[in-house]
Amino acid sequence: MAQRTGLEDPERYLFVDRAVIYNPATQADWTAKKLVWIPSERHGFEAASIKEERGDEVMVELAENGKKAMVNKDDIQKMNPPKFSKVEDMAELTCLNEASVLHNLKDRYYSGLIYTYSGLFCVVINPYKNLPIYSENIIEMYRGKKRHEMPPHIYAISESAYRCMLQDREDQSILCTGESGAGKTENTKKVIQYLAHVASSHKGRKDHNIPGELERQLLQANPILESFGNAKTVKNDNSSRFGKFIRINFDVTGYIVGANIETYLLEKSRAVRQAKDERTFHIFYQLLSGAGEHLKSDLLLEGFNNYRFLSNGYIPIPGQQDKDNFQETMEAMHIMGFSHEEILSMLKVVSSVLQFGNISFKKERNTDQASMPENTVAQKLCHLLGMNVMEFTRAILTPRIKVGRDYVQKAQTKEQADFAVEALAKATYERLFRWLVHRINKALDRTKRQGASFIGILDIAGFEIFELNSFEQLCINYTNEKLQQLFNHTMFILEQEEYQREGIEWNFIDFGLDLQPCIDLIERPANPPGVLALLDEECWFPKATDKTFVEKLVQEQGSHSKFQKPRQLKDKADFCIIHYAGKVDYKADEWLMKNMDPLNDNVATLLHQSSDRFVAELWKDVDRIVGLDQVTGMTETAFGSAYKTKKGMFRTVGQLYKESLTKLMATLRNTNPNFVRCIIPNHEKRAGKLDPHLVLDQLRCNGVLEGIRICRQGFPNRIVFQEFRQRYEILTPNAIPKGFMDGKQACERMIRALELDPNLYRIGQSKIFFRAGVLAHLEEERDLKITDIIIFFQAVCRGYLARKAFAKKQQQLSALKVLQRNCAAYLKLRHWQWWRVFTKVKPLLQVTRQEEELQAKDEELLKVKEKQTKVEGELEEMERKHQQLLEEKNILAEQLQAETELFAEAEEMRARLAAKKQELEEILHDLESRVEEEEERNQILQNEKKKMQAHIQDLEEQLDEEEGARQKLQLEKVTAEAKIKKMEEEVLLLEDQNSKFIKEKKLMEDRIAECSSQLAEEEEKAKNLAKIRNKQEVMISDLEERLKKEEKTRQELEKAKRKLDGETTDLQDQIAELQAQVDELKVQLTKKEEELQGALARGDDETLHKNNALKVARELQAQIAELQEDFESEKASRNKAEKQKRDLSEELEALKTELEDTLDTTAAQQELRTKREQEVAELKKALEDETKNHEAQIQDMRQRHATALEELSEQLEQAKRFKANLEKNKQGLETDNKELACEVKVLQQVKAESEHKRKKLDAQVQELHAKVSEGDRLRVELAEKANKLQNELDNVSTLLEEAEKKGIKFAKDAAGLESQLQDTQELLQEETRQKLNLSSRIRQLEEEKNSLQEQQEEEEEARKNLEKQVLALQSQLADTKKKVDDDLGTIESLEEAKKKLLKDVEALSQRLEEKVLAYDKLEKTKNRLQQELDDLTVDLDHQRQIVSNLEKKQKKFDQLLAEEKGISARYAEERDRAEAEAREKETKALSLARALEEALEAKEEFERQNKQLRADMEDLMSSKDDVGKNVHELEKSKRALEQQVEEMRTQLEELEDELQATEDAKLRLEVNMQAMKAQFERDLQTRDEQNEEKKRLLLKQVRELEAELEDERKQRALAVASKKKMEIDLKDLEAQIEAANKARDEVIKQLRKLQAQMKDYQRELEEARASRDEIFAQSKESEKKLKSLEAEILQLQEELASSERARRHAEQERDELADEIANSASGKSALLDEKRRLEARIAQLEEELEEEQSNMELLNDRFRKTTLQVDTLNTELAAERSAAQKSDNARQQLERQNKELKAKLQELEGAVKSKFKATISALEAKIGQLEEQLEQEAKERAAANKLVRRTEKKLKEIFMQVEDERRHADQYKEQMEKANARMKQLKRQLEEAEEEATRANASRRKLQRELDDATEANEGLSREVSTLKNRLRRGGPISFSSSRSGRRQLHIEGASLELSDDDTESKTSDVNDTQPPQSE
């Protein structure tokens, strides 16, 4: 801040006297005493000096009284140097700690400086007195200033928010937070005052009659709201008892357009009772004190002590008068627009609230019923509110309540009546306050839609801690908790998240300031519920009380960290909450009632029906009482928009307040917050007193220290790349190369050029971040740069003005000398006799000469008149012919328009065909989906088949059980052993088969690999697929045969037959459905034919792009025609005829080409139509073939099913026979079954497991069948999709070729038009150049002759000045060399100091490590040392920055020194040259003086002759031989044009409508141009305003630069003294740095002066040289021109003849061009033929595509014909590929032809341009009279250029569409790749299926062998049974042992053995032991 002396009274409270602070004595005292801060109970912290260190304790001496004390090291806090005393931003403090912050705030507060910056926000301490710092003069001081330019103030915060809103277009908010009485409301008013003054809407507006009405109303809204919403409390005389959010809306220009006020939680209970020494709302006291007698009688007012609701009577406020405040409130209402009736009605309601309190009730003797002994007060109340007294008393004492469906009268007790009256009084006052806010908003918010952005000012009740706190205090403290959480989140969380989001190096710091636990304790809805949720829950229960609420709260939240039971006031308080500002004890009396807020329905209804309209309006929403929102769709009432809640939903006060607070927080989060932290200095409301402990508590709670720390450690300043480059590129002029560069790269280059320390900045993803102060330093550098530029500009301007004045003086001096010489000569000559004779004879000679000249002129005049009449006749004839040509041109244009319409129709038809094609593709997709549905049905049939097989397996199990029952024990043993051996053999066989299958699998894999390679080759694919198909069919047939054999031996045929019958019926239904689908396809085919006809009509939509381009071309042609018509309106007939003829010929050629194109396109469309009809016929044929194939497939399926039925019937008969035999055997073997039951069970388990495995294998076999068929189907589908995609790619490629051809054509048309425009522009430029050259030459001749002598004298004086300046420069250079040597010495000393500082930093780090190892106070020591380390690193960075800046300045100084040396040498050379030139000029001066006199006389004579000759030349130019030239030319052009018109007239008769369309398009373009022009003007206006604002700011900054530079120099000199031990050495360094800085500044100033002088001398020398050269050149040119003027008359005839020859040559060249264009047209016809051939090929490809689509319908039956379709599709795909290859070759050939034609066209255009230039150069001398016309034409040419640019834009759009088509092609390629991937997946599935098939075959063979063994064993057993029976019959009774021994016979390898019983048992046990492994 600049140093100020003799400060005025207001500035004493803003600015700090830095002279006192920078006192060297205080600095030395601080250094010597080693001052620190120690804790103090009284002062918070006290200053002391360290005397002795004793381990962890330190002996200190208090600075105030000299006492000594021992203090722990951890309790000591460092003291800042004296220069930081009363610092404006506490982030600048080197030692940041609580003591330093408190000391700084205290010093500033005692000096009257109440505002202090604390990093990113502002701290304000309530002064408790009025300060003169809020006047309009102070506002003007802060207006438009940046934050660092002015001292801290609420106005600076407001200005910053206002500027950010305008620049960033982001909504702002200013949040004034703090405890009650801290000054939030006053600061809010000052913010509104500043914004109303700065953004006044009447400034710059037209209506000056109502100046600032909106601003006045905005300022007067606060007094009204304070009267009705503020009250005196113990802590604050003007405490806001409600919260408000004031939203001020601004328009785009920054003017206020309206405002809106939202209020929160009015403390309405204050209206009925107040605490001790407190007052109710101000309006009650103001009304009773300030109302007049008449008003008192109207309002029935009484004294203060007569009202019960004024609990404490009248309590005055010191320094305020209620009477005066009442008048101010009334005046504010009038300004706000309140009517007299509204004010009176409001005051009546206020009086009625007081009257409510005076109503007294009495308890009757025998009952508890209340009564009203006296109704005088009730009468007054009813009179004021417009109610009936009887009804009111009845409603209070015996209200009607609803019981069921009926209403009954209920008597009230005295307590209930008193409560009802108080509730009515509170509700009435609350509704009055809501109406007041709504009325103010209605007055302020007059323009809702104009507000572009807003600034919100939040003034809400501050944090309150009373002795006992109620529900209102809980809501207020809850709000402040949320606001503090928003502050913490914004300052600490979001700031660091942005660092991480931008990717810069940053370690996340947790400051431990999260207030969410306390907020959750209050607002959490559940798990566990918070205070508000529990309160709402208790309101639902009828028997709930405040005590039950407290009990539930303790039960739910008793363990919460922020919840405690009260300790001090255990009897009075109920619970305690730990807020961020401290512990608060709450008493829950009447909380349920306050939350529910019940009201008497009867009285509310009476108030709603009041005779007073105002009262009735207040109670309009009577349905919302008792907290029950029963109205869902309420309209806007007097209180604004109604609450829209669900019907019947219970709404408590807590819920409503929570919702409004949530909305407020959402609004604040969407704005950019600006925080103002208000601090209360003491609770006594005394000025000049500051309680340090109170302030410290508030600073800790508000997070001030943390905010300062993150501001210092972080990167608070950030700027986006583009803005940084735009603003600071002036500092690095050559760092960024020309052209486009990424913003990040540009910023990196700029940073490198600025040579900033890497620690001072970070580069993120989209922004560049700086530490505090770096951006301000860059701003200063930028201001210095701009100052240098402005100084240089001023010097140039002053030098120019001085030279101009000097030249004028020199001119006057030479004129005086000439007059003197002439007078002296005349005085000598006048008495000479011969002179007298000469003067008498000379006039006579001149008279005779004049007569001769007049005769000659008369003759010439007659000749010229004759020529003029002749030329006029020719002109009329040419104009008549020109009109004919124009008519013919119009006819041709109409014909062209009709032809283009035909072409448009053809293009639309083509578009419709394309749309039809798209529809057919959609139909194809539908058919594919139906095919998929059929596949699903087939899958269902397969599932049913599986079910049948499961039933068959069940039958087989039953059959196995019967067989097992018949088998005997011995045979089972034999068979089991045989099975084991056979299984071992089968395992070997299976291994062999497995190896074979592996080999086959490898072969299959090789074949599949071959298939994938053959897919790329496309021709060999069909053969490989056929091989794979045959092998798969063989495998499938083998599987089916084996399955049938098993089914023959296992199935129970009766059930199978029924199942198969059902299956046949299902198949027949399926065949019927397929037949129906065929019929549907036939119907769809007919629909396709109809849609194809519609598609032909829709095909024309594709020509829209071409029509647009043609329209643009026609618009350009119309512009050219208008320009030519402007030419024709002038008199220069010959030039007009020539240009018109060229334009007409070019237009005819363009019309010819367009006509041929349109004819070709119509023929092509006809051919397309015929081809479409052929395609439809082929589709019909393909459909018929498909139906035939389908019928054949159905017949084949029927035959196969018949054979299957026959085989099943045979199997059924065999099974029946077999079953009969088994039943016979069953009866004989039942007895044997009982004996063998135990062994049979074991065997049955083994059998069951094997059968279960067999079932699984059968199911796997069936799944494999399905997978194989599915794989075949998918393979076919993929092949078909590949073909389809290839066809689509071909079609897209053809479409792309057509689009490219169209683009080439449009580009040619645009190029032709551009060439025409360029030709005309070149004509204009050359003509204007000739005109300017002629005029400048004439002026130069006159000026140069006059300035010769003046320049000679100037050069002599300049030479003398140069000699003097060179001598001065040499002396100054010697001085600068000495100063440079001195600076080098100072820099070396600085480097030594830097090294010492680094050593000190290392020592400090060692000390830090030692401190960390301390045992007892680890945490405290670590934190303190961390803070010290941060401060030291900041200081070290600062020192490094200073040293780097000095090094940069030294480099710059060296560069300047080298430049000065070069400049001095250059000036020495120039001095020598100037001396030589001066000597030469002296010799030439005398001869030039003589020549000048002669030239002046000759000049006058030649000027007369020149004028005469010019007149003659102009007449000749306009008339000479025009007739003879033009007649022949026009006749020839007429014949050619008539012939062309006759040829084209028959073809161009239908083009009339196109002309009207072009005119409409022209009108639309003009309208668009006007709109764009208006928008551009508006943008220019806003940009100019911004530039003016920036210019004003720059001028202010330039004026303040010197003072700021002085401050910066002092700060840099003092910054070195950061370390105590280095103070003595650093003082010497400071002196050296100051001396070096002063010397450097002097050197820089001298160098700048020398540079400016050098540049002036250079410019003067250059001007002298240039003027000398120009004099010589002009003298020579004047001589040449004098000679050429004599020869010009003779050359006129020759030029006319040459122009005639040039015209004939131009006509010949035009004929040649016409022939060349005709040849190019023939070439174009060949191109069109090639195009037709390609279109025919495209049609053929489309036919093939439709054939492929028809093939897709053949996929319904995929079981037998999949491989056939694969073969056919592969062959078709190969054919398509070959056809596509051919079409690609043809396309490449066409492209080569196009390139050749383009080259030819370019050659033709170059030839045309060269010939046109030749004709133009021949005719250049004839265009003198058309200068004014050509200027007008230049403007029209500019318009034509705009049209050309539009055409280019449209061409770009066409190219974009082409790119879209290419993207579609890429998408098709991706689909193709996906299809290939799907093919590979199917191959893998096929391999897995083959493996499963091998496993199934092995298991099937195994089962078959087991079945054979079982049947053999069964037969053997039956034989043994028969033999045993025979023995029994023969042998008679046999003993049991013998029979047992006889039965135990084993058959092993064909031999029988007889075993004993013991052996048998042992064998049985062996068998049992060996069986379990088998079952496993």
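Our numbering is plain: 1 for the first residue shown, then up by one each step along the chain.
Note: Cβ is positioned from N, Cα and C throughout, glycine not excepted.
Taken from Swiss-Prot, the feature compositional bias 'Basic and acidic residues' applies to 1129-1155 (among others).
Sequence annotations record features per position, and here Swiss-Prot assigns compositional bias 'Basic and acidic residues' to 1698-1708 (among others).
The compositional bias 'Polar residues' feature in Swiss-Prot is assigned to 1967-1976.
Arg18 (omega-N-methylarginine) falls within a helix when secondary structure is assigned with DSSP. Residues or ranges marked as omega-N-methylarginine in Swiss-Prot: Arg18 (among others).
What Swiss-Prot records for Ser1145 (among others) is phosphoserine, and it gives similarity to another entry as the kind of evidence.
For the recorded site, Arg1930 (omega-N-methylarginine), the DSSP three-state label reads helix. Taking the Cβ of Arg1930 (omega-N-methylarginine) as reference, no residue of its chain lies under 8 Å away while being at least six apart in sequence. The feature omega-N-methylarginine is assigned by Swiss-Prot to Arg1930 (among others), with a large-scale study or a structure entry given as support.
According to Swiss-Prot, the feature phosphoserine maps to Ser1935 (among others), an assignment based on similarity to another entry.
Residues or ranges marked as phosphoserine in Swiss-Prot: Ser1937 (among others).
Per Swiss-Prot, phosphoserine is recorded for Ser1938 (among others).
Residues annotated as phosphoserine in Swiss-Prot, with a large-scale study or a structure entry given as evidence: Ser1939 (among others).
According to Swiss-Prot, the omega-N-methylarginine annotation covers Arg1940 (among others).
Feature annotation from Swiss-Prot assigns phosphoserine to Ser1952 (among others).
For Ser1956 (among others), the entry in Swiss-Prot reads phosphoserine, with the evidence type a large-scale study or a structure entry.
The phosphoserine annotation in Swiss-Prot covers Ser1975 (among others).
With a cut-off of 8 Å between Cβ atoms, the residues of this chain six or more beyond the region 'Actin-binding' (661-683) that come close are 105, 109, 118, 120-126, 128, 154, 157, 160-161, 164, 168, 170-184, 187, 235, 245, 262, 264, 456, 458, 462, 478-479, 482, 486-487, 490-491, 689-691, 694-695, 698-699, 702, 704. Here Swiss-Prot flags 661-683 as region 'Actin-binding'.
The region 'Disordered' annotation in Swiss-Prot covers 1125-1175 (among others).
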*Reported mean pLDDT - the region 'Actin-binding' (661-683)*: 90
*When you measure from the Cβ of Arg18 (omega-N-methylarginine), how many other Cβ atoms are you left with inside 10 Å?*
18
